[in-house]
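Asks: What follows is a single structure, and I will ask about it in a moment.
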Amino acid sequence: MRQKTATITRRDKSFTGHYVPVKPTPIKDPEYVAHSKNLFSELGFADSMAESADFVRMFSGDMSGVPVPMRQVGWASGYALSIYGTEYTQQCPFQTGNGYGDGRAISVLETLIKGQRWEMQLKGGGRTPYCRGADGRAVLRSSIREFLAQDHMHALGVPTSRSLSLYVSKTETVKRPWYSQGSRSENPDMLISEAVAISTRVAPSFIRVGQLELFARRSRSNEHPKAMEELEKIVLHLIDREYADVIDTQLATPEKIVLLAREFRGRLTSMVANWIRVGFCQGNFNSDNCAAGGFTLDYGPFGFCDVFNPYYQPWTGGGNHFSFMNQPNAAQRNFDMFCSALRPLLVSHQQDLLAFDEIQSEFLAVMDTKMKAMWATKLGLINLKTESDKALCNVLIKELQTLMMQAPVDYTIFFRELSSIPDDIGPLKKSFYSNLYNDAADDPDTLALEKYWIEWLEKWQMLLNSTCDAKGISSRASEDIAMQMKLVNPKYVLREWFVMPAYQQATAGDYSLIQELQAVMTQPYAEQSKELEDKYYRLKPLEFFEVGGLSHLSCSS
C-alpha cells in the first residue's frame with residue numbers, strides 16, 4: 001500500500017504517509033557472489049538469470065533500465081522503535097521517533113508469482129531519508145552472513161525472509177569498526193575498509209511491529225488530521241499482504257483486528273519456539289526487528305548456540321533481555337507493543353476490545369504450550385498418553401537443561417546424538433566440551449555428574465517406552481522415533497566460526513566456501529558426506545572462545 005508519500009528532512013517535525021520514494025544508489029562494478037537456487041526454483045527463475053546483465057544491474061541497485069511497467073524508483077518506510085516494551089526516541093534526529101526507518105533497505109519490486117505475492121528489497125542500496133547520517137551501505141561480511149542465514153533458516157523450517165541474490169562491488173569500499181585478528185575485546189578495536197555489497201531479501205511484506213507503532217503514536221498525539229486513518233490503512237494492508245488466507249475480507253475492521261491479533265500471536269509464538277529448537281538467537285529483537293507477518297527478519301548480530309547457555313547472547317549490546325532462552329519474553333514485549341498499536345482502532349467497539357485484550361493476556365500461556373511441545377518433540381516424546389507422562393516429560397526437560405549447563409554440552413550435537421536413541425551415555429559424550437571422562441575420571445564431582453546423566457537417560461528411555469505398546473519400544477518403533485527426531489534436531493547449523501573463513505576468502509574474490517556452506521546449510525537435517533561431517537559436525541575449538549567476531553559481535557555492518 002503506497003497511497004501516501006512523505007518527504008523527510010532534518011528540519012521537519014511531523015510527518016504523514018506510509019512510504020518515501022527512494023532511488024537506490026548502485027554499487028560500482030558489481031560482481032556476482034551467490035543466489036538462492038531454492039528460491040529461484042520456487043519463483044520459476046533459471047539459475048542463469050542471476051548472472052545476466054539486466055538482473056545484475058537491477059539487483060545491484062541500478063534501476064535506470066528496468067522495463068515497463070516497473071518504476072525507476074523504489075521506496076523506504078518509516079517505523080518507530082521499542083526495546084523490550086519501552087518506547088524510544090533518543091537516537092531519532094528529531095527526538096520524536098519520526099526519524100527511524102529503513103536506513104539502507106530499499107524495496108524495488110512487488111510482484112505476484114504463481115499466486116504468491118513477493119516484495120523484493122535491496123539491503124545496502126544507499127542512503128534513504130531514514131539513514132540518520134549513515135552511508136546506507138552494507139559490507140560484504142554482513143551481507144554474506146545474512147544471505148546464508150536466510151537460506152539456512154528456511155531449510156531448517158523456521159519462518160523467515162528469504163535470500164534472493166548477493167552482489168559485491170569490485171572497487172567500492174567503506175570503513176567499518178571490526179575486530180583485529182584474535183582480539184578478545186568486547187567491542188571492535190580497529191577500523192577496516194570493506195567491500196560494499198547489496199543483497200536482496202524477499203518476503204510477502206516487510207511490515208514491522210515498529211511500523212504499526214509509528215502510526216499509532218502519530219494517532220495518539222494527533223500529529224495530523226488523518227493519523228487514525230493512516231493507522232487503519234497500514235493495519236488493513238498488513239492483513240491483505242500477510243493474512244488474507246485466514247481473515248475474511250468481508251468482515252468489519254474491528255473483527256479483522258481481533259483475528260489479526262490471534263493469528264499473529266500464533267505465528268510469533270511458533271517462530272520463537274522454532275528459534276529455540278534450532279539454537280538460534282536473534283540478538284536484537286526490538287519491535288522494529290519483529291516482522292508483523294510472524295517471520296524472522298533482520299539478521300544482524302544473530303548467532304547459533306555452540307555451548308548450551310540460557311543467557312547466550314551474540315550481540316555485545318544485547319543484554320540478557322534478548323538472550324537465547326529469554327526470547328519468549330522478548331516476543332511477549334513485542335506482542336504487547338503490537339497490541340498497543342492496534343488498540344486505538346477498537347476503543348469504540350467494546351466487545352471486540354474485550355476479545356482482543358483476552359488474546360493479549362494469554363500470550364505467555366500460548367508461548368509456554370508451544371515451548372513444552374517443542375522440547376517434547378526434540379526428545380521424541382510426541383505421543384505421551386497420560387497426564388503423569390506429560391508431567392514427567394516437563395521434569396525431564398528441566399533436568400536436562402540443568403545437566404547441559406553443568407557438563408557443558410554442544411546444543412546441536414547433543415540433540416542430534418540423542419536422536420539415534422543411544423543405549424548408554426557413550427555417544428552423548430561427543431557433545432561434551434569438558435573432558436570429563438578422561439582427565440578427571442576419578443573426580444567425585446565428575447562421577448556424580450556422570451551418575452546424573454545415566455539416571456536421566458534411563459528415565460528418558462522409560463518414557464519413550466511408554467509411548468509405544470505394552471511390550472516396550474521395538475526396533476522398528478525405535479527407528480521411526482529416531483527418524484522423527486532427526487527431522488527436528490538438525491545436524492548442521494550456521495556457526496559463526498564456519499562463516500568467518502567464508503567471508504575472509506570472499507574478500508579475495510574466492511566464493512567457493514560460500515557455495516560449500518550454502519550447499520551444506522540448505523540440507524541441515526541430512527547426514528551428508530564423511531568429509532563434510534568431519535568439517536562441520538564438531539565442537540567449537542577452544543581457541544575460538546571469547547574471540548571477537550566469532551563468539552560475540554557488534555552491530556557493525
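Here the Cβ of each residue, glycine as well, is placed from N, Cα and C on the backbone.
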Asks: Determine which of Asp29, Asp47, Asp54, Asp298 appears in Swiss-Prot for the same ATP site as Gly101, Gly103, Arg104, Lys123, Asp135, Gly136, Arg201, Arg208.
Replies: Asp298
Asks: Comparing the recorded positions Asp135, Asp288, Asp298, which residue's C-beta has the most other C-beta atoms within 10 angstroms in this structure?
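Replies: Within the set of recorded positions, the most crowded position is Asp288.
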Asks: Would you mind pulling the longest C-alpha to C-alpha span across Gly101, Gly103, Arg104, Lys123, Asp135, Gly136, Arg201, Arg208, Asp298, which the record has binding ATP, in angstrom?
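Replies: The two farthest binding residues have Cα atoms 23 Å apart.
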Asks: With every protein chain in view, how many other Cβ atoms are within 10 Å of the Cβ of Arg201 (ATP binding site)?
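Replies: Excluding its own Cβ, Arg201 (ATP binding site) sees 25 Cβ atoms within 10 Å.
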Asks: Among the binding-site residues listed here, Gly101, Arg104, Asn289, which has the most company in the form of other Cβ atoms within 10 Å of its Cβ?
Replies: Gly101
Asks: Can you see whether DSSP assigns Asn289 (Mg(2+) binding site) to helix, strand or coil?
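Replies: The three-state answer is helix.
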Asks: Using C-alpha atoms only, work out the spacing between Asp135 (ATP binding site) and Asp288 (active site, proton acceptor) and round it to an integer in Å.
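Replies: Between the Cα atoms of Asp135 (ATP binding site) and Asp288 (active site, proton acceptor), the distance comes to 20 Å.
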